[in-house]
Structures are given as structure tokens and as C-alpha cells.
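Mind having a look at this structure? Questions to follow.
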């Protein structure tokens, strides 16, 4: 894969967890309230100029249930008045209640593209996840964020036994250098040995982090962070800090859990074809090993805004709730 040269460094790569931006128990239903809040927080975190300026929406297409487009072209009469400088972010989102159903029912994640059901499922999965991608891009655009949807399949990503085999990042780099915010997502892709599979958004983030080297990475989820067992368990403990060593192995350093022997129980939903929290932790550990701090935090909260803004890089307040994964130097 080609070496990526950017004019400036990337500030942050953000993962919008599918469970945080969709209603995971309702097929193809977006959590509109969360998505709106997350989009607003991203705008606050991205803006370099501290003074507040009018939000000029960039979604000028017709939306169901909305009479007018979100912004008047007349707002751009005095263009200099509304110029906003955004810091360099990349957004990656999961599928949530989009895509997972189609992929799991047809077996796309297992391969076998020559089978009619798998081929049909591949098409159905991509229709579903790109539909979600468009809605997320539109939500960001309504906040004035110049976002560009970049589905991995159409941007040259492919795998070999589910590991990234090729990824054309030149388009991502050009979009960033042109002042856009690329928005990628988990996708159905071709696999050299399996025929096809599902490329997880968490794997995409790790690959991007390796080549783009952001200052920090934020995973937005539907829970406060990583727990020592399923968070529905009343005895579940929030893991505040996880350390990753030179070998890529990770251990909990805060709090000290006497009974767990540094093991964490992870459950994965039956329809999840990407590994759920287990994949998230393993990919986050590989990112942390690069010397890049990773924050896992509940979306649409004051804690997520602080993580997105980079506040935690200076000091982690005692009242911040989330999980930090760091390289143990």
C-alpha cells in the first residue's frame, strides 16, 4: 500500500458505534436524537475558531417530512462572514440495525460469493449500510460539516481471510487536504480467499490509524465504556484505564479488579457479524500500541464531548466516565 502524505496531521479519527446511532433492536431505524447530538458535538470539537458563527447547512436536498431544505443559498451572500475552519477529522461508523441482519441471514461474512443467497445478501447488505452512510453524511452536513461519504467497497478496500489486503487511501488523503471530512463505514467487501466478507468499522479505524497517525481516536458507543462483564450485570465494573504493552497484550490498570485475574467477559449479539466489543478492544489495543490514545465513551454525553475535543490528552478529570486505552511506555 502506498505511503500517505498529508499536508497536515490528522487530529482525530472517530468511530460512531452502530449501537449508538441506530436503534439496534429495530431493523434499519436511526436513533435520530443521538445522531443529532453527536453531529452537534462533532461540530463543536472540530471548529478551530473559538467564536461562534452561524451554522450554514450543506444538505440542500428534499427530506421526508421536511418542507424546506436546511439552508438557504442566500446565506452565502457574504461568504467571508461564515467561513469556518475545521480541524482534520475522519469519521467511521458502524452498521447497527443496518446491514447486520442482511449479512447474518445470508452468510456474507463467511464468504462463498458464488452461492446465490450470498451474492444477493452482499447486494442487500451494501444497500443497507450505504443508506445509513448517506443519512449520517446528511446529519453532519446539516451541522455545516463538509462531509463526504466514502464507502470502502467503492474506494478499493478488499481483504484476505478478513484481514485488510488493499485499501486506496489516496482518496481519503485528498479529501482531507481539500478540507472535507471523510465518512467511511463497515462494509461488505471482496475477499481474496473467501470470495467476500464483512469489513468491520473497527478494523477500518485501526488501518487508518496506522497510516494516518491521528493525535487520538474516539469510539462512541451506547454504554459508558468497557466493563469487566456485560454492563447489564448489576455487578459490572467500568474499566477506567487499560494498558497495552510492547507485545500488544492488554491489562486493566484502573481500577484494580481482585477477582478477574485480568480477564474480561465479552458477549456478542447473535446478529453481529463483526465481533462486537471483543473486536473493538483488540483493535483499540493495536491502535494504542502505536502510541495513540484511544477513548471509549458513551455517545451524546458530556463525557463524549470532552473526549472528542481532545481535553483528555492534557488531563483526565476524576468526573470523566469512559475507558482510556494507552500504550504502557
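Cβ from N, Cα, C; glycine included.
Straight from TrEMBL, here's the annotation block:
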BINDING   15, 16, 17, 18, 19, 96, 201, 222, 276, 280  ATP binding site
BINDING   95, 100  substrate binding site
DOMAIN    11-297  domain 'Aspartate/glutamate/uridylate kinase'
SITE      24  site 'Transition state stabilizer'
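Tell me what's around each of these sites.
Just so you know, the Cβ of residue 100 (substrate binding site) picks up 27 other Cβ atoms within 10 Å once every protein chain is counted.
A mean pLDDT of 88 is what the model gives for the domain 'Aspartate/glutamate/uridylate kinase' (11-297).
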For residue 100 (substrate binding site) and residue 201 (ATP binding site), what Cα-Cα distance in Å is obtained after rounding to a whole number?
12
Just name the most isolated of the recorded positions 15, 24, going by other Cβ atoms within 10 Å of its Cβ.
24
Expressed to the nearest Å, what is the distance separating residue 24 (site 'Transition state stabilizer') and residue 15 (ATP binding site) at their Cα atoms?
16
Measuring Cα to Cα, how many angstrom lie between residue 95 (substrate binding site) and residue 17 (ATP binding site)?
8
